[in-house]
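The compositional bias 'Basic and acidic residues' annotation in Swiss-Prot covers 1-20. The feature N-linked glycosylation site is assigned by Swiss-Prot to Asn336, Asn349, with sequence analysis given as support. Marked as phosphoserine by Swiss-Prot on the basis of a large-scale study or a structure entry: Ser564, Ser567. Annotation comment: Swiss-Prot describes 1-45 as region 'Disordered'. For 1-69, 118-154, 195-208, 277-301, 382-408, 462-482, 528-568, the entry in Swiss-Prot reads topological domain 'Cytoplasmic'. Annotation comment: Swiss-Prot describes 91-95, 176-179, 230-255, 323-360, 430-440 as topological domain 'Extracellular'.
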Amino acid sequence: MVLDPKEKMPDDGASGDHGDSASLGAINPAYSNSSLPHSTGDSEEPFTTYFDEKIPIPEEEYSCFSFRKLWAFTGPGFLMSIAYLDPGNIESDLQSGAVAGFKLLWVLLLATIVGLLLQRLAARLGVVTGLHLAEVCHRQYPKVPRIILWLMVELAIIGSDMQEVIGSAIAINLLSAGRVPLWGGVLITIADTFVFLFLDKYGLRKLEAFFGFLITIMALTFGYEYITVKPSQSQVLRGMFVPSCPGCRTPQVEQAVGIVGAVIMPHNMYLHSALVKSRQVNRANKQEVREANKYFFIESCIALFVSFIINVFVVSVFAEAFFEKTNKQVVEVCKNNSSPHADLFPSDNSTLAVDIYKGGVVLGCYFGPAALYIWAVGILAAGQSSTMTGTYSGQFVMEGFLNLKWSRFARVILTRSIAIIPTLLVAVFQDVEHLTGMNDFLNVLQSLQLPFALIPILTFTSLRPVMSEFSNGIGWRIAGGILVLIVCSINMYFVVVYVQELGHVALYVVAAVVSVAYLTFVFYLGWQCLIALGLSFLDCGRSYRLGLTAQPELYLLNTVDADSVVSR
């Protein structure tokens, strides 16, 4: 229903299990279907995913900080941080080190900080409203824009899933010394993902502990490579804290843009806003909401600090060992060490170009087989952890946008099939060069989808009717708007550079047509965002107002269990 600001609102006691129906207003009359479905009584079983249990928060009076409470809130941030460690990020890291040395570490640091600030907004939306970003989008946008937005986010998730499958398949191929072909690795990844996804049947904390275990494996394996290579610590610190890039040309600039595109993942905003709902927070109590926001932010800081250090390990290893190395130098070292992969590189004086597969091979040539196998274990952990969180993202997005009751098994079958089929075809009919080359295209795809997460999250967290006193202040609105504009511009530059490299007129025409449609939709979302940021004159004199509710006191949705997600 559409909320009339003049209507008398039901009080807390009368709102019932679906009291948020009144609080979910609309931008315009097209939003008349935005309320939650009415209760059908006890005959309908609750349907949940990830939220079968909620972690209780210990009560401690007169404490501004408690490690017990921090531990209770720990989990969602580390699951979110997996997206900063997926195979796409690892490939971006090693290419950054090989192309620019230590010079772009400050870009990685800046991108991680920007990502942290955006994740803060996503977590706050979930905590304050009790709804994750996809659910809010379902209730706010009209049907056609909502479906387009859902398709764009699904495309980003599928693209990310393909990167994760590629990374896992390459890792399995390296670990088996080539005995398991790439297509075999793809099939193995399908099977083990189903096994891992049902770990939460044994409890939410055990699932979060398993993700923590995978992050620990990445830290140990990539940390081992870091210790083995022994990069210059002064160079690492200089590259991290001195924002400059002397002697950088187009390849280095493109790599810097690629770092931003790889680090800030669109589906991660949807994921994090849903994960925070796994903690017991009484949204009727502003102090509890404020406390939850604080601890979730602290946890996110810790989690992204860990992911940043792991990324620094990878960049530094390839910066120290392989920056400005030529193919001929690598071939000689590989032959001297009797490596079976010496013929992987052309024997010329062109600069070494590396990817996840070649990176492991080169490490094996220079530092022994142990370095290769440990690298592969780290890549496998990155691929497995990120493919699991990607599946959760897909489930939350589908449930939120479509209000669709789908089992996780069916959801995984669908998205995995879409992601696996093209990856499997390339693995069967092409070689590892083409498989790893898909990562470049997929990074561009992720960059294109970024506005479809950043603009909605900034829009809804800036609305006082949605967030009440927890809405973004004027400083956050201005900074957030500038931030979104810069990030989207950087990523569009990345896309333009990629399209120019295609070198075919027909592809230019297709790209131009798609760009017009793409920019039109981004403009629509941006227009709605600017209205939310306070530029009300842009509403063209329409009578509706943007927001979930016309009465801010209902923002907490404190009488509704908004965790309406599907059963397995």
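Just so you know, glycine gets a Cβ as well, placed from its N, Cα and C.
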Helix, strand and coil residues within the topological domain 'Extracellular' (323-360) as assigned by DSSP: 18 helix, 2 strand, 18 coil
Residues from the same chain, set at least six apart from the ends of the topological domain 'Extracellular' (230-255), whose C-beta lies under 8 A from its own: 92, 95-96, 99-106, 108-110, 312, 316-317, 319-320, 494, 497
Contact set, same chain, for the topological domain 'Extracellular' (176-179): CB under 8 Å, 6 or more residues outside the stretch: 340
DSSP residue counts for the topological domain 'Extracellular' (91-95), split into helix, strand and coil: 5 helix, 0 strand, 0 coil
Positions on the same chain near the topological domain 'Extracellular' (91-95), where near means CB under 8 A and six or more residues out: 108, 167, 255, 258-259, 261-263, 311, 314-315, 317-318, 354-356, 359, 436, 439, 443
DSSP-derived helix, strand and coil totals, residue by residue, for the topological domain 'Cytoplasmic' (462-482): 16 helix, 0 strand, 5 coil
